[in-house]
Amino acid sequence: MGWRLSKFNVVSMVFGFSFLYLPIVLLVVYSFNASRLVTVWSGFSTVWYRELWNNRGLLDAAWVTLRVGLLSASIATVLGTMAAIALARYRRFTGRTLMTGMVYAPLVMPEVITGLSLLLFFVAIDLDRGFWTVTLAHISFTMCFVTVVVQSRLVSFDRSLEDAAMDLGATPTVTFFQITLPLIWPAVAAGWMLAFTLSLDDLVIASFTTGPGATTLPMKIYSQVRLGVTPEINAVCTILIAIVSVGVIVATLINKRRLVRQARNERLAAEG
Amino acid sequence: MGAEPAIDRKRSGDPGTRRKCGFGSRGLFRRIVIGVPYFWLVALFLVPFLIVVKISLSQTAVAMPPYLPTFGDPSTWWSGLQQFSFDNYVWISSDDLYFNAYVLSLAIAAASTVLTLLIAYPLAYGMAKAPPAWRTTLVMLVILPFWTSFLIRVYAWIAILKPEGLLNQLLISIGLISEPLVILNTPTAIFIGIVYSYLPFMTLPIYASLDRMDQSLIEAAADLGSPPLKSFWTITFPLSLPGVVAGCFLVFIPAAGEFVIPDLLGGSRTLMIGKTVWLEFFTNRDWPVASAVAVVLVAILVVPIVVFQRQQARIG
């Protein structure tokens, strides 16, 4: 599209972005409020962050959430990448339609249904509910997001490199690790990050599949929010927002630098 | 290809055949790459859902797990099968509470999809017309809130919308209203919550389809004397439809089964179906009825889900 912004374009963007950011900005600002009343500003203070440090329940929940997130995102990335290769590289196999359905349906399936079905499954196979059931549940709902991200990258890149490697006698496994994986790496990393944040964020599926001793941070936040808005929760949320924002911005910058370097190398190669 | 006898690896298949089947048509790699995720999805998506269907046909029991019959000893399976009943479905259809919850969920989801589209389209359009150097940043600005916690973003609205909240303080201080508006715990708050939370899902597919568009079409139309608004409706909008459709599905389907937003912003009087499943399960501990409510919800959503998959598969 051409790039001449009309007044309407500017207004709609300003409106859209303020709508997206204002609530988050307000939440962050009020986490530094000295007053216990969240809607009355009475001066800057970091008291709620210090309070947080002494809140064992919240810290424990954060630790559980972090472990579930790291473990489930890593396994989901491996499984999701496999599924992406299966769908992007093998046009014909028995049950391909079923597999496509099972990859896309969880993306839009209401969370209450995913959570309920997984819980009933764990009860039916008599698995003790807790850390591991939450992790298993998170792997299965986040791997589909990884698949979609990786698949779109697999579909768009130059297949002749893979073909060349295999014509020269490389096995599919060698071709994958030597050629395909380095090329789709940014998408795999993005898939991991998406899986990780989805896991950190999930309330509904975790509430269904958890058991004693495995309370996640969203569950903890939810139970406190039901009792009312408190500055401690604002502080927890601000920390989470800060971690995620820094992560996303750093990842984007690394990716951008990589693209710039790649473009420069290509230019040098063309000139050389 | 399958009929071909196994021949020398290096010579197997001309390049044409190979391109068609990608990484080769047999071998360990293929079996693992297809088999492992396939097994996982069957075990942790398909089978659990079939269990939901099965339990929706069972009877409630005061036991743990609280339903009959259970799969235990294979010799009792047949008698177990005979205990299957449609009682839970009869119960759901006879009670207005469930019917109203379904209708309300679909109506709220549909209305908020339209509202989201009305905000997302101009935003995506502006982004697509912005200078190319800005676009990466603008896309990141849309994605960033999506990475931050859904629960946190919904929670942020409570402090804004409540009677003594920031919005009412602002409106009263500028003299627009004298009495605080009641927004929290009404359907309006649910609309705001859904539009806010799902805005990136609508904006990004629309932006992607606008960004792909060939700009020379608009220039050609302008050269031939078409006014900008007419060019928009006859060229730009139809070409952006795949993005609009994808965005609408991505908002409508999850919004219809949404739990967190109606629970935190909608109060107890606006009962949407996601919350009904939650209440049946956690509060009433009636697993069979919760399962039946879930099965009916999937039955309602299966048409949009299949259409969505078809569209994604076509684009992919």
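Quick reminder: no glycine exception, Cβ is built from N, Cα and C everywhere.
According to TrEMBL, the feature transmembrane segment maps to A:12-32, A:68-90, A:102-125, A:131-155, A:176-198, A:233-254. For A:62-254, the entry in TrEMBL reads domain 'ABC transmembrane type-1'.
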State the residues, same chain only, that lie 6 or more residues beyond the ends of the transmembrane segment (A:176-198) and have a CB under 8 A from a CB inside it; answer 'none' if no residue qualifies.
69-70, 72-74, 76-77, 80-81, 85, 138, 141-143, 145-147, 149-150, 152-154, 157, 161-162, 165, 170, 244, 247-248, 251, 255, 258
Where else in the chain does the transmembrane segment (A:68-90) make close Cβ contacts, counting only residues six or more beyond its ends and a cut-off under 8 Å?
96, 99-100, 103, 131, 134-136, 138-140, 142-151, 154-155, 176, 180, 184, 188, 191-193, 195-196, 199-200, 206, 214, 216
Winner by Cβ pairs under 8 Å against the transmembrane segment (A:233-254), considering only A:12-32, A:102-125, A:131-155:
A:12-32
Surrounding residues of the transmembrane segment (A:12-32) on its own chain - C-beta under 8 Å, 6+ positions past either end:
38-39, 41, 44-46, 48-49, 231, 234-235, 237-238, 241
